């Protein structure tokens, strides 16, 4: 009797697990499908934007080679370097802004604290590109819409608003007990020392998160780059370059290169994440006892 | 403190930026007036691989005018987006730019584009056909120097279709597979226009007249399109499927423009045929298809600091020699009437097909603002026929709905 019951229970579990896993597998395939397709297309030897088969008939590396050698019409290496430079600079600036603002709002008490948080909340409700044209004209008035200054302009645009998106980091800082700060003050730490020597080392996961998000937004942004770069093709970012590859004049000969470019832009993000993910595990472990 | 330091640093950076941009404006002044001209063109016109057409022409212009010491600044802007960009901020746009004529209206509204008059206008009028000029004339003002026509026509496989076949779409469908961009509203109206439907009056400039894509004649076309879509030898060309079909041999004819010429040549080799649009048979009658046509032209910015030089340069870039060079380097079909009579250009099939389409089987794409409402309804009609929601039973109703949407201001 008992044996039979056991068997049916484990059988039931087995059936349940099977159903769950089949559903998960199907979902996983659906989710990964477009990415696999882009990667396959980037190695496709047949030209053109449309093919009648899912798997390429033959494979080649030429699409990647062409991206880096055929630079007279669309200079991909230059766009790549432009974007990398802009993304790294604005990543550093934006990360600093976000963490500094979050720390202040979490640890300091001042009159404008509440009004500032309310204002940030309301401003955050509006889409950023609403102010696009205004931002363009301000930058133009400052003479920053021509030549290499465009890079500076873009860095300012991407990092300037960072101080408004403090919510997540502030929430994390709030979870670090005030007692830690007080102990540090008793030992003679300044606010800056608390921030750099205590708060930051304790909040590695959120630092990693901030770095990743503030790297990705300039890396992937299209709309601001398009409005600010206009006719300065030597300042184009990869998002503009990839978009241009899909215009009707280029799409037929550049489509597979577009896929190759799409694969390539994911590499810096993936590398940054792989490098930083080990800090995800650390964080609070061992910081506060009891 | 730190914050203030950062903002000070930024301010310093900005100031130095201003100083740098201010300085680069001054060139060396060896002879005559120093002039700074910014010129916009598509990137192919400036690339080494295709012969640096723009640089070559601009340098020739500078050589021809030793009285000016000209510094050229080149920017990349394709003709399709130039109009919008110039209208958006004329102050920071090129002095001389190339644009597609369908973006004339925003530039006119922003008062950003120069009208050509006097001797310049005479010169332009003497070397271009009236049809071409009409695309650039609004309220009797001429807004640019045309350098090429812009429309679509037919590519076909000569081993499948004879010279006689290509005159009629239905004859072609009996012999081979034809692909048409059925769900693209730049192409689909060709059938409606063939059966007496009109857009904004006779010349396409009368906004009050509205669109006439309704009525019995339009319903007939919708019914024809439903049958056409079901023809086993007909393929809808969407997302490049026509060109892919041409490559693997499953398609024998497609409709596109000069931008696909090289790809088609590669796919068909010596069998490539290019022709103006065919007719189609509606209730036993031959109806001519009509493409939308426009031109690409060279315009001058009203905000230019060096107006005389800018206008002279624009005329130079649009003259016969520049057009010939453009044709030789990039196969840009010229429209200068003198040039079109030269033998090697006359014998080029692509030139003939494009210009025949422009002259005989096209209407000038209306430039009025209302035209913006005409794209989506037609596209939806094509899609409706493709997915089967438009049938013979509701064709009348659906056509009326399309007409209504094209005439309305709503989104």
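Placed from the backbone N, Cα and C atoms, the Cβ positions cover glycine too.
Keep in mind that TrEMBL annotations are predicted by a computer and have not been checked by a curator.
The transmembrane segment feature in TrEMBL is assigned to A:20-40 (among others). Using a Cβ-Cβ cut-off under 8 Å and counting only residues 6 or more beyond its ends in the same chain, the transmembrane segment (A:20-40) has close neighbours at 54-56, 259, 262-263.
Positions annotated as domain 'ABC transmembrane type-1' by TrEMBL: A:80-276.
Same-chain residues lying 6+ beyond the ends of the transmembrane segment (A:84-105) with a Cβ under 8 Å from its Cβ atoms: 113, 116-117, 151, 154-155, 158-159, 162-163, 165-166, 169-170, 172-173, 195, 199-200, 207, 210-211, 214-215, 217-219, 237, 268. The annotation transmembrane segment is assigned in TrEMBL to A:84-105 (among others).
As annotated by TrEMBL, transmembrane segment applies to A:117-138 (among others).
A Cβ distance under 8 Å defines the sequence-distant neighbours of the transmembrane segment (A:206-225), meaning residues of its chain 6+ beyond its ends; these are 83, 86-88, 90-91, 94-95, 98-99, 129, 132, 135, 154-155, 157-159, 162, 168-169, 172-173, 200, 236-237, 239-240, 243, 265, 268-269, 272-273, 276-277, 279-280. The transmembrane segment annotation in TrEMBL covers A:206-225 (among others).
Per TrEMBL, transmembrane segment is recorded for A:253-275 (among others).
Beyond the ends of the transmembrane segment (A:253-275), by six or more residues, the same chain brings 38-39, 41-42, 44, 47-49, 63-64, 66-67, 74, 76, 80, 83-84, 87, 211-212, 215-216, 219-220, 238, 241-242, 245-246 to within a C-beta distance below 8 angstroms of the stretch.
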